[in-house]
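As recorded in TrEMBL, the features of this protein are as follows:
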TRANSMEM  12-35  transmembrane segment
TRANSMEM  41-61  transmembrane segment
TRANSMEM  93-116  transmembrane segment
TRANSMEM  136-159  transmembrane segment
TRANSMEM  171-189  transmembrane segment
TRANSMEM  216-238  transmembrane segment
TRANSMEM  250-271  transmembrane segment
TRANSMEM  305-330  transmembrane segment
TRANSMEM  351-376  transmembrane segment
TRANSMEM  396-415  transmembrane segment
TRANSMEM  449-472  transmembrane segment
Amino acid sequence: MSANREHFSSRLGFILAAAGSAVGIGNLVGFPVSATKNGGGAFLLVYALFVAFICLPVMMAEMAMGRKSQKDPYGAYKDLSGGDKRWSIAGGLAVLTPFMIAVFYMVITVWIFGYLVQTAMGNLDALANPSHFGQFINQTSVFWYMLLVGLIVNLILVGGVKQGIEKAAKFLMPTLFVLLTGLVAYVLTLDNAMAGVRYYIVPDFSKMDASVLNGALSQAFFSLSLGMGILMTYASYISKKDDIVGGAKMVAITDSLVAFIAGLMVLPAIFSFNPATNTDELSESSVSMIFEFLPKILLATQSDIGYVGASIVAFIFFLLVFFAAITSLVSIVEVPTSALMEEKNLSRKTALLVLAASTGLLTVLCTMSFGMVDWLTQFVNYGGANKSLFDLVYDVFYDTILPLNGLMVCLFVIYRWKKSNLNAELEQGCEHYKGSFGEKYVNFSLSTFIPVILLIIFVNTVSTKFFAFSIFGF
Ligand code: TRP
């Protein structure tokens, strides 16, 4: 199958697709808000250090595994371990995780799409009512929105790597950037905008503690699409001549830059609405910010530009978030798609149909777990509380398994595949990497402190989430 494996047409196509994957809902709202709450510039600095010194080596390792094997994550673990059965568990997890994350991300993307449509229909005033969200997610109209979002994602994916994923990324990513800078330019003209910028940027090191550091690292890790099998899959679609090291850096920089710039949109908007905002009270959850808090703020711009103007600003905002979400969704569904194509010899169309049916069913169940159906809403009880099916999927796969997958990548690359093979793969297409400080650093970090840190995060998450007990005190 590898001989006729699909490929991106250019390095730029790969970078845009991978950056499109990394830039998501969390970049646009979650990141700016948690930066502001957790030390502003101090958080930004720590985050940048984590991206450069902890996430980048893991990213390069994932990409090297994908390009070397030219396989989906399951196939990559299988091939590079020489068929060692023990590693197929890691390979299986690297495909199951994106499958499940696709479900939870789909639920949120559907809501975004719903808000986008509602704004276009002139209903911003209804969205701005704080009780609206709770009603909205329990209306049957969400299933129609779900059908449309599913259709869009599949229309992109059925086009394949070049004509689907790459084409979509080449349109969506530049558009996203234009929309974002446009909104920043507008928001910065509002009264008190600078107060927001100040809260966002001025460092407050007193906020830094173990839990903030843990949060920053987890956020950087998730934001960059690590542990999801995505970068492995996308890198399996690039040629041996391409530069992984440079590509990984570009993806990390783009993702972090978009997150940073988004702060220049969100914080000024919040402070111009209420100059006396207490940042401690802002929710760090992207969901409650986007659906419960920001519509109110977007509506308030009507005193400046009228209701139609405010609706246009809100439309641009939801479109921006929707574009960011779609490219992430596409990337995450591509992982099980490529696994089914490679491992089960299915055609792309059949693989997509199988996934549409299976993720579709789970997405419907998750969507009904916000009150529509009781047993799904009170699905399980752990960590001292009742949890819905949606919470369970989120807690298990997004919060817990991701760092575990990252840990597997480190251990696999260093102890099974071996450093020399990793280095050889990264040197291909990037000659100056050979013998460089970067190479030594990647080897050292991946074999020492990065796996230790990922292990600590994993153990800490399991104990706090599922047993309501904090081993490390954060
Ligand atoms: N940065 C994304 C976000 O903020 C997180 C993410 C990365 C993601 N890759 C993804 C989410 C793939 C879904 C699918 O939302």
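Each Cβ is built from the backbone N, Cα and C atoms, and glycine gets one as well.
Those TrEMBL annotations? Automatic predictions, nothing curated.
A contact between the transmembrane segment (250-271) and the transmembrane segment (12-35) is present, since 3 or more of their C-beta pairs, 6 or more residues apart, lie under 8 Å. Below 8 A, the CB atoms of the transmembrane segment (12-35) and the transmembrane segment (171-189) form 3+ pairs separated by six or more positions in the chain. Count of Cβ pairs under 8 Å against the transmembrane segment (351-376): among 136-159, 171-189, 305-330, 396-415, 449-472, the largest is for 136-159.
Between the transmembrane segment (93-116) and the transmembrane segment (449-472) there are fewer than 3 Cβ pairs closer than 8 Å, counting only pairs 6 or more residues apart in sequence, which means the two stretches are not in contact. Counting only same-chain residues 6+ beyond the ends of the transmembrane segment (396-415), those with a CB under 8 A from a CB of the stretch are 58, 61-62, 64-65, 77, 80-81, 87, 90, 93-94, 97, 100-101, 104, 218, 221-222, 226-229, 422, 443, 446-447, 450-451, 454-455, 457-458, 461-462, 465.
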